[in-house]
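Trainee: Let me give you the structure first, and then I'll get to my questions.
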Amino acid sequence: MKVTIIIDHHPSNKSNFKCTYHQHFPISMISFFFLLSYLEFCSCFQFLQIGFQNRLQHISGGLVSSSRTFVPLHQISASSCSGQRSALFTPVVAACRSSSALCASNVENTIDTPTEPDSNKDSMLVENRDDVGKSILSLAIPALLALSIDPLMTLVDTIFVGRYPGSEASSSEALAGMGSASALLTLAFYVMNFLATATAPLVGRKRSEGDENGAISTASRALSLSMLLGLALAVILIFCGPTVLLDAMGADYTGPAGREAAEDFVIVRAFAAPAVLVSGAASGVLRGFLDTLTPTIVLTLANVVNLCLDVLLVQYLGMGTTGAALATTTAECVCAGSYLLILAGIIPLPSEVWRGDDKSEDNDHNANMKLPRMIPSLSVPSWSEFQPLLTASSAIFLRSAAIQLSLVTAAATVARDTLSYTSSSDAVMITSAAVAAHQIALQLWMLCSFITDSLAAASQALIADAIGQRSPTAVRNISLTVFQYGAVLGMVLGAILAFGAYGPSHVLIGLFTSDETTQELLFTVMGLVVVAQPVNALVFVGDGVLQGASEFVYQAKTMVLSSGVAMTTFFCDTDF
């Protein structure tokens, strides 16, 4: 079998991609976002060029024929394919007309029609293109709310600290300290939170195949491992965060007040490390059971707690960054505790309570989904039980470490670039303003990325479900539709940011800080955040498709390659 996919991009020109340097503002961090997104986007579609169906053969061992036996892909007849549209992603397919091409209609007629209906009641399998969009949106909309709520907590903290920095620091100094601390915590939590990504497709595949015990076992191991890793991470952050790690982040360059704010923020937030990792693993378990509504409800509760505490601690008590850290830490602990109580069956599943007694299929595809009781397991698993989770987690850890190391290096470089000013006080002032502007821009970029990631979460769950049901047609339809949605969403987000930053009122510029220097620098860098959104959207959607297919090792290789090229450009380009 051969599927020809022509992609309109030029990987050979990657080295010519160049970001500009503004005389009074180091834009390297946001420039890096754009460069990295571009490189991963190219790498993702290079993967698609080899034919996604070949990868499905490796994953599933073949495709389901009408007699429910496995048929290798190269043995599938394609005699009826001539002249019909083919391939996985038609927006990027220029030519696929040969008799050897795998056509959607042929796949349906030849390999995807079972003699008996599948009895798995928990399946959300969709092979009809008309139903794909509805299925994606039924998962993506709750996931959008859930994924947006998490960065909103940090965004709310940023707004409150920028407006009410406390008595010990100015607005720019408090934001600069919080920016250095947040970059460190983002690195630690993101890299160690690989279980959230690994758990969802593994649990989803087991559930879709009808192996409920296997799904429960995988979920229990993931919860236990997240607790242990969270405790270890908390110890490291408490003892090393205020000293060695913040030094590496360039916190000294934000001035004494900024450094003190960063230390307080890191120490308080470190206590939430177990809660953050447990919440990530638990949300992955729920996505594996095609439930994205429960995480939305739980995270909404956590965000309300965070907002109320920000008002009390930051605005009224004047605790500055320490108050913001206490608010977020408390909210994250509430979130983790709620997840554990839900999975243990102690409190009702919020998604079932929300739906009430209406269990009709038209009301929700997941209405009949039953969530078994799952608690952390401390028993030692066999290698065969633990190997899939360990392999996936290791690959995701490597991928996360590569991108976060690059982002942290960019943030530290911004802090160290004090430029050439006549006095050290001017240098500290400009550096604090630059780091503060990057902190705001980073949070806006992360918020948009989490919004786009809702489509990735939906595609991840649905792709894993379709592969568990051995249906390449569903895989193709889901992938095609989610890429189309991603392209539109990316352009919409870019337009919203552009209007907010460069519109008549410049609402995004004035919302976060009243410091004029920080506002001017933020105005300079927002253009790159805007331009990057369409590419970012396709990157995140591609991530979801590949993760649903359990292509974690390939993703790790892609990210290491992309980060390597970006880091080389970052260090070697003197204008960067």
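Any Cβ shown, glycine's included, is placed from N, Cα and C.
When I checked TrEMBL for this same protein, it listed these features:
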type	residues	note
TRANSMEM	25-48	transmembrane segment
TRANSMEM	136-161	transmembrane segment
TRANSMEM	181-204	transmembrane segment
TRANSMEM	225-246	transmembrane segment
TRANSMEM	266-290	transmembrane segment
TRANSMEM	297-318	transmembrane segment
TRANSMEM	324-349	transmembrane segment
TRANSMEM	480-501	transmembrane segment
TRANSMEM	521-541	transmembrane segment
Trainee: So if I exclude everything within five residues of the ends of the transmembrane segment (181-204), which remaining residues of that chain have a CB under 8 angstroms from its CBs? That is, six or more out.
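Mentor: Sequence-remote neighbours of the transmembrane segment (181-204) are 154, 215, 218-219, 222, 225-226, 229-230, 233, 236-237, 241, 245-246, 249, 251, 261-263, 265-266, 269, 273, 276-277, 280-281, 283-285, 287-290, 321, 388-389, 392-393, 396-397, 400-401, 404-405, 407-408, 411-412, 439, 442, 457, 460-461, 463-465, 468, 547-550, 552.
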Trainee: So, do the transmembrane segment (480-501) and the transmembrane segment (521-541) meet, by the test of 3 or more Cβ pairs under 8 Å (sequence gap 6 or more)?
Mentor: yes
Trainee: Are the transmembrane segment (324-349) and the transmembrane segment (266-290) close enough to be called in contact, which here means at least 3 C-beta pairs under 8 A that are separated by 6 or more residues?
Mentor: yes
Trainee: May I ask for the residues of the chain that lie six or more residues beyond the transmembrane segment (225-246) and have a Cβ under 8 Å from a Cβ within it?
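Mentor: Residues 180-181, 184-185, 188-189, 192, 195, 259, 262-263, 266-267, 269-278, 280-281, 376, 389, 393 contact the transmembrane segment (225-246) from elsewhere in the chain.
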